[in-house]
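> Annotations for this protein, taken from TrEMBL, read as follows:
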- B:Arg98, B:Lys138, B:143-149, B:173-176, B:Glu181, B:His204, B:255-256: ATP binding site (BINDING)
- B:102-285: domain 'ATP-grasp' (DOMAIN)
There are 2 protein chains.
Amino acid sequence: MKIGVIGGGQLGRMLALAGTPLGMNFAFLDPAPDACAQALGEHIRADYGDQDHLRQLADEVDLVTFEFESVPAETVAFLSQFVPVYPCAESLRIARDRWFEKSMFKELSIPTPAFADIQSQADLDAAAASIGLPAVLKTRTLGYDGKGQKVLRAASDVVDAFAELGSVPCLLEGFVPFSGEVSLVAVRGRDGETRFYPLVHNTHDSGILSLSVASSDHPLQALAEDYASRVLNKLNYVGVLAFEFFEVDGGLKANEIAPRVHNSGHWTIEGAECSQFENHLRAVAGLPLGSTAKVGESAMLNFIGEVPDVRKVMAIDDCHLHHYGKAFKVGRKVGHATLRCADRATLDAKIAAVQALIAQA
Amino acid sequence: MKIGVIGGGQLGRMLALAGTPLGMNFAFLDPAPDACAQALGEHIRADYGDQDHLRQLADEVDLVTFEFESVPAETVAFLSQFVPVYPCAESLRIARDRWFEKSMFKELSIPTPAFADIQSQADLDAAAASIGLPAVLKTRTLGYDGKGQKVLRAASDVVDAFAELGSVPCLLEGFVPFSGEVSLVAVRGRDGETRFYPLVHNTHDSGILSLSVASSDHPLQALAEDYASRVLNKLNYVGVLAFEFFEVDGGLKANEIAPRVHNSGHWTIEGAECSQFENHLRAVAGLPLGSTAKVGESAMLNFIGEVPDVRKVMAIDDCHLHHYGKAFKVGRKVGHATLRCADRATLDAKIAAVQALIAQA
């Protein structure tokens, strides 16, 4: 079976590493000449709107999936004429726009911070007054890793904020005094079967995920699965979907969903029986889903900007290096390490050891 | 770092799957147009003696390694002029010739079945008389998976046996009434550090490995490690080496070594903290060795000739499919499954489940 992937970055690369042992081949459509997934499959170098090359991809593969959600709707619609596309166009339409996403949460009675659609500075002024400050202004589309957003703490921050984010459609979101951030990586098969990985505690640094720690028997696991199930079934979703939540007063408020394999699920490569990458491929290919059970105690640490001394990373037993083969650049995700340990105390000690290497880099 | 591999079969493929996350790239030199490793790296399609293409490989890569031991000595010598080659030429010279191999065991006081060098039918007649029957006649080089050997049970089997194996240099080996076959996968770094995986119990079917089960606290582990250490240090070996033993009267008799990653080590992909493939690459690249600790209870079942219904294989939780992407052919290794379970009873039940699928295929 040949899988087409829109995007050829590290998520495509890790999909191919998971899918090759299943007997799958891969083609990646990505305009970047140095797309790092190309080591593991065919690289169709073209823009996402290039219909000739999209048609070539569709003709070569059995199905198409995505490694990012900002794929133009026209691209999805075009491909869907020729080849099965998972997740479906509607899933991408919702997930790539914060207004649609938040409105869906509301419709499904999933708690989420107060929010308002912002089409102008006047909208923002009115929403800031009704929602109150602090609040976060985010572009409706194309935001990631803390980009395309601004925290509004005082009235002076509100002035001109709409223009500062480019005068594009935005969402204003009430600030939530959360005690933690957790994510749930879920997978739904073509037949509607769902499976869920253990909740993950996430820590961010300058808006970019730095550390994910898989939980054991998290008290909010069942609640998170309930919320995620509503979304998965509403969208008739197929594949892996990541759901980010704020922990607030012992409950959860939905932050956002990502209709794809997700950075907070990278620990599953070694830390779960079947990884998020393999499970995404199993789902889109109509194969039985794999076990989401945890194997030991596991965490993931991102390498941002550069990979620390690989010799030192590899010298830590239980530490698994994932080098994306990308050029190093400030703020860029260039690799990660997964830890898998027998107990939590060992895990915590090894997290500290990897963090020390990151600090030295 | 770019790694050159002589041979582009499933072992090369699994090396690349392990090395890509370490930031390595791969080039495979293999004459087969359908060499299955080519999905994961550059394929230099050439004969193993083709010096122009060997030179091309040497110029492109940082070091060269092998996925099979029958590489011509001239190939190793030629490559070694231009690029580091691991394991070294002497390791390959010994390992690919049963006479050199057995003689080394004897020199290192490692017990091994009685053996004799056979250059003619007259040699065979004499050796059969002194060693006694039953015995096994094996070609000194190029034998694998039960090929290139003949069991001699009666005097009538001895007549013409040398001609039957092609009148090439052979080894006669006394038959050993063994209670089991075990293998030890060992790795030695450039700095001389050694690590060992747990002993594996192997079951063969028509001379081809069918099942490997990793042991826990095997009483012969220390002895096997002692024997393997003698060989590794004698050869100043770098990389993974597999050592096959017969279990005889509560001790071990050396059968053979393989100077490469080995089929009986495939379970380590999921069943050990760091796989044999990653550890081989770490060793040849001069990086720190990874942990050989077992993760759960693990076994490997070979798919010979064809891969069973992948849907059914994948429906078994804890079962990991490894499809080599090769055309199906009687007697050919085309894939394997790894099982990783919490306890031995579960493992045994799942081994039976996979065996049932193999029987149906």
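Glycine residues also receive a Cβ, built from the backbone N, Cα and C atoms like all the rest.
Heads up, TrEMBL stuff is auto-annotated, nobody curated it.
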> Who sits close to B:Asn255 (ATP binding site): which same-chain residues at least 6 apart have their Cβ under 8 Å from its Cβ?
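Listed in sequence order, they are B:Thr112, B:Pro113, B:Glu181, B:Glu244, B:Phe245, B:Phe246.
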> What is the Cβ neighbour count of B:Arg98 (ATP binding site) at a 10 Å cut-off, with all protein chains included?
24
> What number of additional C-beta atoms lies within 10 angstroms of the C-beta atom of B:Val176 (ATP binding site)?
19
> Using the structure shown, find which entry in B:Lys147, B:Glu173 (the binding-site residues) has the sparsest Cβ neighbourhood within 10 Å.
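B:Lys147, out of the binding-site residues B:Lys147, B:Glu173, has the fewest neighbouring Cβ atoms within 10 Å.
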> Note the mean pLDDT of the domain 'ATP-grasp' (B:102-285), expressed as a whole number.
95
